[in-house]
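Let me begin by presenting the structure, written as structure tokens, before commenting on it.
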Amino acid sequence: MPEETQTQDQPMEEEEVETFAFQAEIAQLMSLIINTFYSNKEIFLRELISNSSDALDKIRYESLTDPSKLDSGKELHINLIPSKQDRTLTIVDTGIGMTKADLINNLGTIAKSGTKAFMEALQAGADISMIGQFGVGFYSAYLVAEKVTVITKHNDDEQYAWESSAGGSFTVRTDTGEPMGRGTKVILHLKEDQTEYLEERRIKEIVKKHSQFIGYPITLFVEKERDKEVSDDEAEEKEEKEEEKEKEEKESDDKPEIEDVGSDEEEEEKKDGDKKKKKKIKEKYIDQEELNKTKPIWTRNPDDITNEEYGEFYKSLTNDWEEHLAVKHFSVEGQLEFRALLFVPRRAPFDLFENRKKKNNIKLYVRRVFIMDNCEELIPEYLNFIRGVVDSEDLPLNISREMLQQSKILKVIRKNLVKKCLELFTELAEDKENYKKFYEQFSKNIKLGIHEDSQNRKKLSELLRYYTSASGDEMVSLKDYCTRMKENQKHIYFITGETKDQVANSAFVERLRKHGLEVIYMIEPIDEYCVQQLKEFEGKTLVSVTKEGLELPEDEEEKKKQEEKKTKFENLCKIMKDILEKKVEKVVVSNRLVTSPCCIVTSTYGWTANMERIMKAQALRDNSTMGYMAAKKHLEINPDHSIIETLRQKAEADKNDKSVKDLVILLYETALLSSGFSLEDPQTHANRIYRMIKLGLGIDEDDPTVDDTSAAVTEEMPPLEGDDDTSRMEEVD
């Protein structure tokens, strides 16, 4: 084996090298990692830092019951040491370390339960970045390394070295190198084309992206050069003394790490010789920079955090150029422990409701280790605009998506997040200006919530805002509407439509406005779905003014008059129903019209005109539903209108008057249009109107037209409803 020949050059006193074969599934996984192209190789560093963090968690946990466990090293930290000369990247932690048995079992001979599952997921097209969720994150090192060396020291064992170039086997030997005290050092011998991971900028970028909120300091050691100005001999001597002192301190503090990067003694001697001649010299030094100084903001006390800090964190989290609109920072303790920080952005993303869109934008951490940012079970889809982090103390670090779906802990977290989001919106509603901005961007989400979330429907309904017939240019809540209701008013009246002007001028609101009853204008397509679920508010039923059975507050006298009108027009209603046949379910005398002659209303459980329009616009609509949901139309006539009164007299004078049919059909089609419906055959309706115009202008149907070509067109025009239809139109006066 190449590993063994390598180790034969080692000093004689070293113990014999043992070679082990990788367990079959692990060998297969490594081969898959090495031989497949992955674009996001950078995740190897996240996995190794997470492993270090786990090891540090373990020793910290053990030290709680036995403080002497930390005698081998009190400081808990992670160091990253890139070396361009050796083409190695070293990750050192002062965690619990591994015994010889741990090394052999954990890194090669015993497959984790997730190994096979992860390989299957990979072959099915899963992202390599999921590797940590299957407990095999260590092997991601081979995405960038041709050889990996692991040196480790556990309190209960000697220091050992594990090494493998992934050729199906690995070696383990006692390590006689620099004593570690306690912990693990992973040395990655990088592939030739992966040297970007030795660049200071690249390492910082990856740590910031993936491991910014690890609970232990991550320090990057970089060898740098600096210019040194020398003014005269005295200053030179003074500087030399200071340098020696600094060098001694550094050697005593960071000996192992500095040796990893490479000793600088020769260079220092060389410099000492050059210094006398030059005024300006170059000096090498090891720069140490802590990369995750920002303690996870969500672990701090909310009282100690300024709005600016929240703003900076929000921008770094979301890459948004604007400040957030609102923030909610809270922790839950008791049987379950987690912290969360939630933000409402100022504007909705342009692809908020796209299917391919991530279902949520909340990052899930487990004990400060980032797990995933697309956990669908964390928050309902209607809140997918909320940004933030959730950090759980109870979820296992190697949790998979399947486990998350079943997790009871996650269900409790989700319930709390929804509750806190609604609290946040309610707080936001107290500030009219900010709530207006919020509502403009996210009202659809609130309405979608009412449609989907039955548990929180009541709270969500309090967040709704609408224009009404009495609100002018200001949107009001349902609560405001209820405070303005008339004494004998039992219902909340609303109308759905396309625009505010269209619904305000609708025939349906005439009588209500005359009576001084306020009508809510619902002018977004989603309102139709929302109101199907929102049956009532504070004990008051929501009633559509475009549907049958509209009850208006009436006194006894009004009721009596209405009954008389019904009797008077009963015969006309019957005649109209016979003419319209299946087009309408029934024709009745209306109590909602004032200036319009008639209108089309729908049955209580059928679609409104607006809903029918929306459904017809669906590309993937179900035509079978269209049939029974859209067919229930009722024609209501206004008994006080001169057109209806004259039509009644005409029908009663001569039951066989052929012009009555055309007038009824014309009235029906016009009512369809004014009530918001579309015509099935607009051309026939147009021809009917043109004939009426001709009659109005006194033009005889048989008169030749001015232009021969247009005469030809007239001749070719199809009859309206058979030949007898034409003769009836001619009889219209």
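Glycine too: its Cβ is placed from the backbone N, Cα and C atoms.
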Position flagged as phosphothreonine [Swiss-Prot], chosen from THR7, THR705: THR7
Record feature N6-acetyllysine (Swiss-Prot), assigned residue among LYS74, LYS84, LYS658: LYS84
Feature phosphotyrosine, as given in Swiss-Prot - residue among TYR310, TYR314, TYR439: TYR314
Per Swiss-Prot record, range annotated motif 'TPR repeat-binding' [choices 64-73, 674-683, 714-723, 724-733]: 724-733
Nearest recorded site to LYS58 (N6-acetyllysine) by CA-CA distance, among modified residues LYS459, SER477, LYS490, LYS586, SER642: LYS459
Proximal residue to LYS490 (N6-acetyllysine) among modified residues LYS444, SER477, LYS586, SER642 (C-alpha distance): SER477
Rounded Cα-Cα span from LYS444 (N6-acetyllysine) to SER454 (phosphoserine), Å: 16
Distance, LYS444 (N6-acetyllysine) to SER642 (phosphoserine) (CA atoms, angstrom): 43
For LYS84 (N6-acetyllysine), the one of LYS444, LYS459, SER477, LYS586 that lies nearest, given that the modified residues are compared by Cα: LYS444
